[in-house]
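Report on the structure given below.
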Amino acid sequence: MNYQESLSKDHPYFTKAIEPSGFSQTLQEVMTSVPNEHSSNSIEQNSELSVIRLEPVFSVLNTPDPPAPWKELVSSMKEKVLTRGKQSSSLLHFILLGLQGLFPVLTWGRNYDLKSFRSDIMAGLTLASLGIPQSIGYANLAKLEPQYGLYTNLVPPLIYAVMGSSREIAVGPVAVVSLLVSSLCQKIVDPSLDPTGYKKIVFTVTFFTGIFQASFGFLRLGFLVDFLSHAAIVGFMGGAAIVIGLQQLKGLLGLTHFTNKTDLVSVIKAVWLCLHQSWHPENFFLGCSFLIFILVTRFLGRRNLKLFWLPAIAPLLSVILSTVIVFLTRADKHGLKIIKEVKSGLNPSSVKLLQFTGPYVGESAKIGVICAVIALTEAVAVGRSFASVRGYQLDGNKEMVSMGFMNIIGSLSSCYVATGSFSRTAVNFIAGCKSPVSNIIMAITVFLTLEFLTRLLYYTPLAILSSIILAALPGLIDVREACSIWKVDKMDFLACIGAFFGVLFGSVEIGLMVALTISFARIILSSIRPRIETLGRIQGTNIFCSKSQHPVVSLEPGVLIIHIGTSFLCFMNANFTKERILSYVMEDEELQEENNEGKILYMVIDMSNLMNIDSSGIAAVEEMHNKLESFGIQMAIVNPGWQVIHKMKLARLVERIGVSWIFLSVGEAVEAWLSYKEDNNSA
């Protein structure tokens, strides 16, 4: 029995001539515009009225079965991997496409010209003037020797230059990831007691970070990064920035002994105890002086874009001037803390330092997952921001692969976790970079520094490194965005403030767990309690919308229209949805009084948002149908999703409800009922 025959059997009004209106009239207009060989099968007209015969193409029920999940996965993989496979079936062409996907330099490098190279040289040199002092400071934040920051600013940028898809991202160590590495790794091995063991853990964590990042990219699992919402990232970054700033008090005050804890209470307590012992105010005065200098140059650079180079070279100028001052005055002999020795030479191999056996492998892998997600979140957010300004699309999965290989190779060459830096990327963008070649120029500059200039860093004050890091922190604290989140969405703000206070008063991992918990709790709550609302008709139209949102809509006499606002009716929300819908019939007397006829005779359930359903959802729909039938109420279903109608067929629920009570639109369902009632009244 087809759809039309079912309608004719269950609804006598369909066997008679009816006036075409609403959905039927629109359908008639569409079908009459079809060529003659089709229109004769779809609409038959007499002199006065029209008999409507629905083609299977317009039926909810007469659709092909949806593909199995494994077929969809295979089809998606074929589409991504063999996008141009139809153009050429040669193995060489396939290999070339694969190499271009893995190494974007093979694509953009063909159009690279001398003009772009000149721009990239200037951008790369400007980037190096900011990146070199920052990387030394971030190494100190990660509780590593200064040269490891330079190592991380050499190898990863070279790898990213040939594998990355962003033209603007500047790669290297960043403050948040450096804090993350030190705060988590020092819980396994204390760097002050066992520096070699600590480095082994750091390099192993970097290796695992790269493995996870590359895996996310190859398996197209970029959505995992999105589990950290924008609001959670804003709060996390703000809390981390304050913690990083507090950690810099050690260098800014010239303290020898300082706590390894990162929470606000422990740091303030450590500073209070140290201030009552021996500390050297000259460190504070020197650091604050150059901090003011860096902030003033940044202010001038923002006021006049032509002076963009001034805040970029200010950290390097601070290092040079402070080093000269200390060397000439020999202030290091009067309590001023200095870097002392920085090893020269290229990155040594760290292959033998990686630990894949022993008690710390599991812990290293866990830290690697956390670092992978945080580093990717920052890098992808930075890359997409600047890509949108330049007007091109950034492939998140390619970025993950490039970041993964960058950290894998970096872990083998004495580098710790690297990612895209917002501050350096902004400088790179403003300096006029045209391609990732600016990263190569920066890496070459770092190489020259490691080979020939490390001895000049001996007298560099630690207070200057602290001031450079402190100057970079205001960009991580986005108060305006937090206020905007508060205005727009209070639950989002709860995740933001939860991450902020979790990092500030607990630890980095506690802040992340708080943010994730609040975000997942919100998802679960919205899934458990989907929005169920009644619909009414806008007078004079065939448009139905929410009565709570548009109170002016009118309810049809004896008809209750319910909209299910979830995409998946499953075990979590099926019982709530069923009880909520039945409550309109059994308990809501006020709603029944608003109907011109007190008793509800017909319930339309709009499933246009429902994309999938499980066995619990099927059972709930069947129970609703049985309960409504016992009350003498006819239930109709409107426009269920492809998977939903397929599963309802398999469960034989369609037969129990009746194929004639499943419609394409709410208007069609209401029109059918009104015509049916009119026909019964006339009979």
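Each residue's number is its place along the chain shown, starting with 1.
Glycine residues also receive a Cβ, built from the backbone N, Cα and C atoms like all the rest.
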Given ranges 90-109, 170-189, 370-389, the stretch to which TrEMBL attaches the annotation transmembrane segment: 90-109
Secondary structure tally of the domain 'STAS' (569-673) (DSSP, helix then strand then coil): 60 helix, 15 strand, 30 coil
Residues from the same chain, set at least six apart from the ends of the transmembrane segment (400-419), whose C-beta lies under 8 A from its own: 102, 139, 142, 144, 148, 151-156, 159-160, 163-165, 171-174, 177-178, 180-181, 202-207, 209-218, 222, 347-351, 354, 371, 375-376, 378-380
Tertiary contacts of the transmembrane segment (201-221), as residues 6+ beyond its ends and Cβ separation under 8 Å: 80, 142, 144, 181, 184-185, 188-189, 350, 353-356, 360-361, 364-365, 367-369, 371-372, 375-376, 397-412, 414-417
Average pLDDT across the domain 'STAS' (569-673), rounded to a whole number: 87
For the transmembrane segment (307-328): best-contacting stretch of 90-109, 227-246, 284-301, 497-521, by Cβ pairs under 8 Å: 284-301
